Structure formats: C-alpha cells, structure tokens
Amino acid sequence: MLQVFQLIEIALPLAYLAIFALYVRRFVARKDRGDQRFWGSPLLYGTLGTHALYLALRGVELNHFPVSSKGEFLSLLALAIGLIYALTERRHGEPNTGAFFVGLAAVAQTWSSLIIDPNTAHPLLHEHPIYGVHVIFILSGFVSLAISAIYALMYVLLARQLKSRELGALFRRLPPLNTLENMSRLATLAGIVLLGLGLFSGHFVAIYVLDDFSLLDPKIVITYVAWAAYAVAFIWAKLRKLSGLRMGYLSLGGYLALIASMVLVNTFFSSFHTFQ
Amino acid sequence: MTSPNRLTLISFSHRNATLAERDALAMSAADIAALVPLCRQRWLSEAAVLSTCNRTEIYLYGPTPRTLWEELAPEVARLRGMELAALPAPMIAFDDAAARHAFRVAASLESLALGENQILAQVKDVHDQVLANPAKSPVLDRLFQFAIRVGKQVRTETALCEGAVSISSAAVDLASKIFGDFNQREIVLVGAGETAEAAAMHFEKSGGTRFVVLNRSEERGRLLADQFKGTYRPLEELEDAIVSAEVAVFATGSPDYLLTHAALKSVMKARKRRPLFLIDISNPRNVDPEVARFDSVFLYNIDDLEHVVAANLATRKDEIPAAEAIIEQMLDQWRAWQQSMAVTPTIASLARYFEDVCTQEIDRHNKRISEQERVMLEEFSRGLVKKLLHNPISYLRTSVANNTLRSEDLNLVLSLYNLQNNDENPDEP
C-alpha cells in the first residue's frame, strides 16, 4: 500500500499542475470560448476525489488522521482549497477564477509530496476520530474564509476598475461583480458553518481527551469571537440585503482582522493548542 | 476560342462606391433571380450575388471573358433602373484574389464596422441562394462553404468580433460586467427618443425584460414602454424609480441635471447601497458627475462610452493578422480543392472509358457464354481495370497533393485514350 501512496504522491502534484495550466489557459485566452467544453473542471473534480480517497486510505493504513506531519497537513490544505473552490465553481458555473485557487492547491500539494514521510511518529491524540474531524473542519473553515476574502479582493479590484473607467485585463478576465459577490458570500457561509462545526467538535475532543482544557484559552476565545463576529456580520448583511463595494471591503477587512488576531494569539500566548 | 474556367468577382462596396451608389445598386431577391440565370445563359457561368446595405458583389465561375464587366454592366444598369454612366467602377478580381476577398468578407475584415457579425449570416444567405438554384453551381457552392468556415473560425479563434463597438452595446457590456445577466433586473429609461429606444433594444437583446420609461411627454413615454412591455412613470418620479432599479439610462434633451448628488444620496440610502449603473448618453449631461463619488454608483457618460468603443475597436484591429492567417490557411485548402477538381473529372472519364471497353467486350461474347460465366467475367474485368488504373490514378492524385501536376500530364492522359472527344467538359488544370 505504501508504494501506491508514493505513486499517488507523485501523481497528485502533476495532476494539479496540469489542471492549473488548463485554468490559466482559460483565464488568459484572448477569447471567451463559452460554447466549448472546459475540461479543467471535470479533471479537477476527479483529482479531488482521488486526493480525498488517498488521504482516507492513508489514515486507515497508518492508523492516524493525516494531520500528523507538515506533509500531511499541506496535503489536507491542498484538498480543502480544491474542494471549497470546486463548490463555489459548481454553484455559480464560473471557472474563470480557478487559476488562482488551483494554483494554490498545486503549490501546497507539490510541497507536501516533496516532504511527506510515511514513518511519522504521532501522538495518541491523532488517532482519536473526533480530533481528525475537528482539524478537518477548522482547516476547511479557515480555507473557506480565505477564499471568500480572495473573491472580495477581486470584487474590489474590478469595481475600482469600473469606477475609474480604466478597463484593463481584470475587466476582460474576471466574472461579473454580482457573481464575485455571490461566490464570496457562499465561501463565507461555508467558512462559518465549517468553522462552527470545527469549534464544537474541538470542544468534544478537549473535554474528553485533555486534562487541562480551559474555555479561557486565548486561542479558543479569539476563535470564538472571530467566528461569532463573522456569523453576526453575515446574518446582518443578509437580512439587510447589503451588497456592493462596502461589503467587499468589510469581507476583506474581516478576514485580515481574523488572521491578525490569530497571529497575535500564537505569538504572545502559549497554550495547549498547537499542531505538534 | 473558349476561355478557361475562372472565378470572377465584381464588387461594389464602401471602398469604391458612395452611399447613394451603393443604395442604387442594392439588389432585391427578384433582381438576383433575374441576373443569375442570365449569367448562366450568356457566359455559361455559375453565379451568385451578395447584396447588403453596404455591398453588392457578383461572383461568377465559368469561361468568362476579360470584357465581362463591359458586357454585364448594361444588364446591371437595366435591372437597377440606372443610367449606364451612373454605375461606379467596380473592383474586379479573379481566381485566388476573388476567393480571398470572399473569405475576407465572411470574416468581416471588409466590413465598414470591422468585426460586425451580421455579414456572416448574409454570406450564409448567399450560400442558400446557390443551393436553391435548380442549375447546379458546385464551385460557388464550395467557395461559400469555405467562406462560412472562415467566418466561423475567425469568430471562434480570434477576438476580431469581440467587444462592443457602438455606444449602446458598450453600455450593455458594462452593465453585464456589473450584474451578470438582466433577468429580473430593472432598467430605467429616462427619455423616450431614438437613443433611449436603441439602448432598450440592446438591453432587451441581452435578456432585459423589466423596463420602466420616464418621460416628460406621457404619450411618447407610454409608446416606448408598450414597445418593450414596460411601465410608464412621470419624470417627477425619477428618484423613486431609481430606488428599485439596477440600470438607469439617461437620454433626454434636458439642459439641466435631472439627477444630482443630493437627490441620489437619499436614493442610495433607500436602496441600501446596492450597485447602480448610470448611463448618461445625453448631451448636455443629465447626471451630475459628482454622483460617481458614491461607492456603489458606476457612472458612464457619452465620452466614457466612446473611449470604451475606441478601445474595443483598437483590440479588434490587433486581431486582423490572426484573422488573415486563418484566411490564408483556408485559401491553401481552397487551392488544393480546386486542383483536385482539375483531376477528378479526368479520373472519372478514365474509369468510365475502361469500364465501357470491358462492357463492350463482354457484350460481344454474350451469346457464347452462360450467365454464370458472364458474372465471372465481369468480376474479372473489374479487378483487372482497377489494377491497371491504380498507378495512373495514384500518380494524378499525388501530383495534386504535392502541387506538381502539369497540364501536359493531364493532356497526355486525355490524348492517350482520346478522352477529349468522349468528354464534353474537359477540365483546366
């Protein structure tokens, strides 16, 4: 089985890079070939399916959730980026932004394949099933919010081009503002749900597995505050039907604030919560 | 002495005729129906006519004389009710130059508005006209098939026909980049003149269904609203109308601003700062330029739209070399097809000649052989002829493919078997 894993570890970066090339070709094409079938999307879905199967089998074979080493974590990150992007692409039928996200997934998976090692020693906690679910949800939640922020950034850039009447490459290549806004909104919703599930499953793990768990752990407090802020802002915007450039700035600002707070907490507070 | 078959083009367009002359030369379906049989009768030529608001072109294939236009001009003048002297001098081209011109026309490189799409449909109409003619026109049929292929390929593989090149279509393109589609989007038309109507037509063509017309004159406003199945509101209700709209087109003759910064402030608050696209194609302007300061307001006036159009036209011009490359590729294929046409009848005559010889010989012995023996002899002779003809036919086809076919070769084949006398239409290599 380990030989099969090694083959997949070689094949996955190649597949992501090939799909990335297809998305780039579509993005930079002089002409929008809307009537022609785009093969990047089905290939991406197939690769994501294979990738998910590989990580699941790896977990079963090595008897731990595949988050015990940097290599495994990067591979899971690549899968999460690909899956969340695929969700937004399928929902809106708009593959023109794929180059950005598939490119990130290709980088993460290539890096993972270069450093991944099957003989990873791992703590007992990593064999706990709910712990794995917790990590997957949290990671996917952060990835979703990052994707949402990237869409918000695209929205802001395109809107500014339109307002300044300087219609450059972004005007020709990016999807309409309305689509970008909807994609950002969908990724935010996915992020809030996944992060929420991650937080609750994390509680479960902490209460039953850890002896020194405290709800006042700064990382937990900050993550809860950030999650609640996102959720409240999202519901408020939805109820008041807010949209436009200000929502783009708000989405971008929210994500930057989340990242800044996580960096601060990780820098200044040491707690139980690391990926070691 | 008979002239060789050749493709001839006689063209009147914006390049060599004034608008009045083009109008006078534009041929109706009845004119075309009269001219095509005449060409076939007088010059034994296949004929087709492309007649649009911007060009009248006559394509002929046959043994046409050098003085064709001198002979044809009186007929054209008569059909169009013009004085012979009033006819402008046409652009005349032959063979490859004529085919290249047909391809350029289909690609929209010869159009007044570079990259316009309508011409391809008009070329398709000419092809239909060729096919509908009871007298067969195999060469022109193939010429227009090639032209249509060029037109489609240029539109698929280059950006020659991309980007709006009129003020109204540029406005619709910009609105599409903001809202995606116009399904359930409200489009407010301020003014009910020709400009507003043209804008509404473009929005309707792009999927717009919900129109609100505001105009000082209720009668004209209602007329335009009815035309696009919209609603009419008095001009005084402009601010209310904009609250629920996504796009507002201003096209009135008002000398003052109809929408000011102060007025839009309350509108934007009421619409919760949803994006609003304001298109001001009035002269003087109807929308205060200050309103562009609102985050979610995208304001384009006629100058801005003209810049967009100019940029799109420049982009189209950049695509000309790519389109010309496609045309040259297709011209190579056209030449190859024409050359294959040169040997196909010869090969057919050769095969027919050998088959006739076989049939005659078998018939001569018919009384002395049984039915079974006859079938056997027929099979034998077919096999023998096939083998005997294999090398000469291969030689002819390879010569065409390699572009090395000489007229002497064809003449030799025809002379060896005396095929000139058997065949009514020997071909020109």
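The backbone N, Cα and C atoms fix where each Cβ goes, glycine too.
What TrEMBL lists as domain 'Cytochrome c assembly protein' is A:72-266.
What TrEMBL records for A:6-25 (among others) is transmembrane segment.
Taken from TrEMBL, the feature transmembrane segment covers A:37-57 (among others). Among residues of the same chain six or more beyond the transmembrane segment (A:37-57), those with a C-beta under 8 A of the stretch's C-beta atoms are 1, 5, 8, 11-12, 15-16, 18-19, 22-23, 26, 66, 72, 75-76, 78-79, 82-83, 86, 89-90, 95, 98, 102, 109.
According to TrEMBL, the transmembrane segment annotation covers A:69-87 (among others). Sequence-distant contacts of the transmembrane segment (A:69-87) (same chain, at least 6 residues past either end, Cβ-Cβ under 8 Å): 12, 16, 41, 44-45, 47-48, 51-52, 55, 58, 98, 101-102, 104-106, 108-109, 111-113, 115-117, 120, 122, 135-136, 139-140, 143-144, 147, 186-187, 190, 275.
Look at TrEMBL and you will find A:99-116 (among others) tagged as transmembrane segment.
The transmembrane segment annotation in TrEMBL covers A:136-158 (among others). Distant neighbours of the transmembrane segment (A:136-158): 65, 67, 73, 76-77, 80-81, 83-85, 88, 97, 100-101, 170-171, 174, 177, 180-181, 183-185, 187-188, 190-199, 201-202, 230, 245, 247-249, 251-252, 254-256, 258; these residues of the same chain sit at least 6 beyond its ends, with a Cβ under 8 Å from one of its Cβ atoms.
Annotated transmembrane segment per TrEMBL: A:186-208 (among others), in sequence order.
Tertiary proximity for the transmembrane segment (A:220-237) is limited to same-chain residues at least six positions away from its ends with a CB under 8 Å from its CB atoms, namely 145, 185, 188-189, 191-192, 195-196, 199, 202, 214, 243, 247, 250, 254, 257-258, 261-262, 264-265, 273. Taken from TrEMBL, the feature transmembrane segment covers A:220-237 (among others).
Same-chain residues lying 6 or more positions outside the transmembrane segment (A:249-269) and placing a CB less than 8 Å from one of its CB atoms are 145-146, 148-149, 151-153, 156, 184, 188, 218-219, 222-223, 225-226, 229-230, 233, 237. Here TrEMBL flags A:249-269 (among others) as transmembrane segment.
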